[in-house]
Amino acid sequence: MAAPVDGSSGGWAARALRRALALTSLTTLALLASLTGLLLSGPAGALPTLGPGWQRQNPDPPVSRTRSLLLDAASGQLRLEDGFHPDAVAWANLTNAIRETGWAYLDLSTNGRYNDSLQAYAAGVVEASVSEELIYMHWMNTVVNYCGPFEYEVGYCEKLKNFLEANLEWMQREMELNPDSPYWHQVRLTLLQLKGLEDSYEGRLTFPTGRFTIKPLGFLLLQISGDLEDLEPALNKTNTKPSLGSGSCSALIKLLPGGHDLLVAHNTWNSYQNMLRIIKKYRLQFREGPQEEYPLVAGNNLVFSSYPGTIFSGDDFYILGSGLVTLETTIGNKNPALWKYVQPQGCVLEWIRNVVANRLALDGATWADVFKRFNSGTYNNQWMIVDYKAFLPNGPSPGSRVLTILEQIPGMVVVADKTAELYKTTYWASYNIPYFETVFNASGLQALVAQYGDWFSYTKNPRAKIFQRDQSLVEDMDAMVRLMRYNDFLHDPLSLCEACNPKPNAENAISARSDLNPANGSYPFQALHQRAHGGIDVKVTSFTLAKYMSMLAASGPTWDQCPPFQWSKSPFHSMLHMGQPDLWMFSPIRVPWD
C-alpha cells in the first residue's frame, strides 16, 4: 500500500507541489520541480540536488558543449573548464540533436597519464557537466517519484534501501580484501565513475582516495532500472512495474547471403517517458588491474545507446574496441521460488557485471566467464556476444567463437557457443523468451504457456514467427532496419490475438506500438493493453561499421506502417515528457562522431 507523503512533515509541500505540477507548463515545471529537492524526500532523499547549470533560464542544453576536468598539480584540486584542454584528466562533448534526429551524442575521453581511479571519477564528472539538463529532465520523466518524494511503498522502499546499502558495503569489503584483483579493480572504477557523475551534478568535486559512499536512492536508481524489474518481486513490492508478458527488446543477428556480412540489430522496448536518448562514445585508458604493469583493458573504446545520467547502455547494445558487439533482450523470471537467490551479499548487480565483462573480455567465452561471476539474479537477460574477429567475410563457418549465447536467471547461468546454428539457419533472433530449455523450465514459463498458450512459447510466439518468416528478406542494412521497425499489426495475421477484442494487437510485432491498442478493448494479460510503451529505437551495425565504432540508428516509436507517435495527440499527453519532441518522426542516421 502506497504511503502518501502528506502525513509527513513535508506534506503541505507535497500537496502544493502536486497542484503546481498539474497546472504548469514544462518550462515552469523545471523550476517548480527543483523545489522538490529542498522540500521533500523519500526514505533517503532520492531527488538529487540541482547542479550549478540550473542557474540558466533555458532548461534545454545548448546545441554543443565541451568541458574538461583539470588537476591543479600544486594544490591537488580538480576544476572544470569549458572547452577541450589536452592536459585534462578527462573531457567530453555533448551535441544535442534530439529535436532534429531524436538523439544527443556524447563523446568522452580520459587521459592515460593519470591513474585509473582518477580517470574513472573524472569520466563521471565531465559527463554530468555537459549533460546536466538532460539528466535532470530524464530523472523527472522516469524516477522522480520512485521511493519518494510524493508517495511510496514504505516497506518495500526501506527494504530496497537496506538491500542496496548492504550490497554496496559488501562490494567495498571485497575491493579491500582483493586489492590486486582485476575484477574488483574494474568494479571499483565503475562505482567511481558513478560517484563522479553524482558529485559533479551536485556541484562538488572531491576525489575519494579510500572508501567512498554511493547514495542508494540517488543516481544509482538510473543505473539499476533493469535490476529493479527483479528486485521488486524479490523484495515483495506490492505494486510492481512490469506488466505480465511485457516485452523488453527485439534483436536479430543475420548472416547475409554468401556470408559476405554479418549484421547485428537491436530495438529497445520501453516506456515512452524514457525517450530522452544519448548515443555515447567512451575512449578510456584503464588498465586491467590496479598496477601500472597491467596492460590496457580490451574494451576501453566503446559506443553504445544510452540515457542521460546512465554510464552503461541499459538497452543493452554495445560496439566494443575489442571486436565484440554485445546485446541482450530481457527474459525475466516468473518462478517465485528462485527469488531466494537474490541476496545483497555475494552478488554484483547486473549493470556492473555487464560493464566489467565488456571491459575485460577478448571473446565470447571470456565475456561469459566474467559476467556470470557473482550472479545477482537481477535484470535477467539473454545475452548475445558477437565476435567480429572470428567472422570471415565471404568465408566458411569458423565453427565457433562468432556467436556466444548466455542466459541468466536467479541461481542459474547457461552459456553455449551458437556459431554452428547461426551458419546453419543464417540468423539468431531474440525476443524476451529463453532459448535454453533448462532456463525456460526453471523460470516458470511452462505455467504461462499452459495458462495463456503459444504467446509465451519460444517457437510459436508472434515475434518468433515473424522473424522466421521475414529474416530471409534481410539482404542489406536498409532491409535490416525495415524488419527491426516492422509493425503492420492491422494487416499481419501473425499479429492477431485470438483472445483479444479487437484481435489485431500492436504488441505483437518486431517493434511494438502498444499506444495504438484501444483503451476499451479486452485483453487476456497486461502487456496486450493500451500502454505508453513500445519499441523506441533501432540500432544496426555490420562488420565494416563496427570497425569504425559506428552504427545506423533511429530514435522513437516506429512509423513505417503506423502513424507517427505524437505526445499532444496521444492518450498519454499528460504524462511527463520534459525535453522530448512532440512529434516522433525521425529517419535512421549514421552516428556522426566526426
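Backbone N, Cα and C define each Cβ position, glycine as well.
If you look up Swiss-Prot, you'll see 1-46 marked as signal peptide.
DSSP assigns Asn93 (N-linked glycosylation site) to a strand. Residues annotated as N-linked glycosylation site in Swiss-Prot: Asn93 (among others).
Annotated N-linked glycosylation site per Swiss-Prot: Asn115 (among others), in sequence order, evidence recorded as experimental evidence. Using a 10 Å Cβ-Cβ cutoff, Asn115 (N-linked glycosylation site) registers 14 neighbours.
As annotated by Swiss-Prot, disulfide bond applies to Cys147-Cys157 (among others), with the evidence given as experimental evidence. Here the Cβ of Cys147 (disulfide bond) has 22 other Cβ atoms within 10 Å, regardless of which shown protein chain they belong to.
According to DSSP, Asn236 (N-linked glycosylation site) sits in a coil region rather than a helix or strand. As annotated by Swiss-Prot, N-linked glycosylation site applies to Asn236 (among others), with the evidence given as experimental evidence.
Within the same chain, no residue at least 6 positions away from Asn441 (N-linked glycosylation site) has a Cβ under 8 Å from its Cβ. The N-linked glycosylation site annotation in Swiss-Prot covers Asn441 (among others).
Cβ-based neighbour count (10 Å, all protein chains) for Cys500 (disulfide bond) stands at 20. If you look up Swiss-Prot, you'll see Cys497-Cys500 (among others) marked as disulfide bond.
Summarising the annotation, Swiss-Prot assigns N-linked glycosylation site to Asn520 (among others) and lists experimental evidence as the type of evidence. Counting every protein chain shown, 8 other Cβ atoms lie within 10 Å of the Cβ of Asn520 (N-linked glycosylation site).
The 10 Å shell around the Cβ of Asn93 (N-linked glycosylation site) contains 18 further Cβ atoms across the protein chains shown. A Cα-Cα distance of 36 Å separates Cys497 (disulfide bond) from Cys147 (disulfide bond).
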